[in-house]
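Here the structure is laid out as structure tokens; the discussion comes afterwards.
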Amino acid sequence: MLCLGWVFLWFVAGEKTTGFNHSACATKKLLWTYSARGAENFVLFCDLQELQEQKFSHASQLSPTQSPAHKPCSGSQKDLSDVQWYMQPRSGSPLEEISRNSPHMQSEGMLHILAPQTNSIWSYICRPRIRSPQDMACCIKTVLEVKPQRNVSCGNTAQDEQVLLLGSTGSIHCPSLSCQSDVQSPEMTWYKDGRLLPEHKKNPIEMADIYVFNQGLYVCDYTQSDNVSSWTVRAVVKVRTIGKDINVKPEILDPITDTLDVELGKPLTLPCRVQFGFQRLSKPVIKWYVKESTQEWEMSVFEEKRIQSTFKNEVIERTIFLREVTQRDLSRKFVCFAQNSIGNTTRTIRLRKKEEVVFVYILLGTALMLVGVLVAAAFLYWYWIEVVLLCRTYKNKDETLGDKKEFDAFVSYSNWSSPETDAVGSLSEEHLALNLFPEVLEDTYGYRLCLLDRDVTPGGVYADDIVSIIKKSRRGIFILSPSYLNGPRVFELQAAVNLALVDQTLKLILIKFCSFQEPESLPYLVKKALRVLPTVTWKGLKSVHASSRFWTQIRYHMPVKNSNRFMFNGLRIFLKGFSPEKDLVTQKPLEGMPKSGNDHGAQNLLLYSDQKRC
């Protein structure tokens, strides 16, 4: 279907080559004086935009009674720049379409003619590829006459290729005008790369200062006439800008060392990269030589490429290739030779057998070992308490044997709470001490605790009872809060500190139940104890479960006991401690936790009231 659509459009637009009526095309006559000394380049323009402007200007000058002529080209500027070229000999043969793979090159509306036929007249027609059927006059016909150049021996002939020196003054001459003695300074029309240069009307073009952008393809036109007709003489000159000669010897950029480590039996590529300063009349030379004892020979080049080229210098690389490095190559010398008109430079390189990379493996192994040590150290630092508890689990040592003490720990807490806290049923220090501590430390791990409100019969002397209980305990656990430090129970902490200074087996553990500020009335020893004694922080719901970090730290400070009855429970809960702490809202609460209609509501209430109290 797509092919049929193209065929239909081709017939509608009248794109058939045969029968193309070019009588309405704008006509130009050009003369090309061809020189037989070398291959010249000739250019034809297809400026349909200029034709459109000329017709529009002519139509604007008509009187109001005259009807304006139809615009010859109604397409956009982009459409008018995409043109198709045709050629026709003078004999009247049919038009021939110039394809893209023909000897004539097409670029941006220009046609480059490379192979002229002397003493011949050809017609070249161009028109847009995309046009409406009524644009029959949207075309340009150029009648080109090719003649050999006369007066070949005339002096000061302008070349079709001219060179300008950067940073200096210069001029561009029209080649066709230099040997035309019968033409006296005609008015010129100059083009550069297909664009009109309206500021230049004379020959030559004088330049006060030459820059890189001055190079390009220049076209010069001037008009000649006789009594019968007139025609345009055209010539093309290619202008190239160059810099001043750099009078320095070539510099070898690579190789930069005198030796190269290689592997025997492997292929090898040896590049020689050289920087040459610009020299107009000198050709750079790069060669590779091989020297062996008294013999020397040149090696064939595997590859040559130009790496960089500017108006000041150029970098060229020549490469040789060895299919296999042999033991004999280790005794040879490979010489890179570079030369210009100023002098030459050489670089000699020798091949050396590459040693085994034992050092690399040693370094890699050491680095891996160091990384392993650092990872192990970080693991031990983060899970040190868990590792210690694991060792205690399998260690047949019980430090409670023979110490003549009755309790593993004495728990001190505040049993006073404000009416506001009681109203919401918050998790108080008393609930933590009387419910959670027995469930975890006694029921799960087999420790024996002493709770004043549970295990001491009232009626004795309070101070004497406290001192007696602390002396019978291996540890002292103190739940700190604002009500504790500002209440009468702070005496128990003071008494324990005094006893710990005498009894080295008594160790004290502080639990920061919530944030508090030290009262000024605290004794000096108590203030100092708050700074030096180990402290474990209670974190609300995160600390409730027996596998939480809170209970792991408490067990770390508790005495070591060997109880086979509780070993399985301790190991199971201990392994949970290596995994990240989970959100305990989804876990089943301990039996000592207050129950409500649903477990989520009870635990959220505990977290909320705990934060409100502290």
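For all residues, glycine too, the Cβ spot is worked out from N, Cα and C.
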Record Swiss-Prot, residue Cys272, disulfide partner from Cys220, Cys336: Cys336
Of the candidates Cys46, Cys73, Cys220, the one sharing a disulfide with Cys126 in Swiss-Prot: Cys46
Record-annotated N-linked glycosylation site (source Swiss-Prot) among candidates Asn344, Asn415: Asn344
Integer Cα-Cα distance in angstrom, Asn227 (N-linked glycosylation site) to Asn344 (N-linked glycosylation site): 64
Residue, out of the glycosylation sites Asn227, Asn344, whose Cβ gathers the largest set of other Cβ atoms within 10 Å: Asn344
For the domain 'TIR' (405-558), mean pLDDT (0 to 100): 85
Three-state secondary structure, which DSSP defines for Asn344 (N-linked glycosylation site): strand
Assigned element (helix, strand, coil) containing Asn227 (N-linked glycosylation site), judged by DSSP: coil
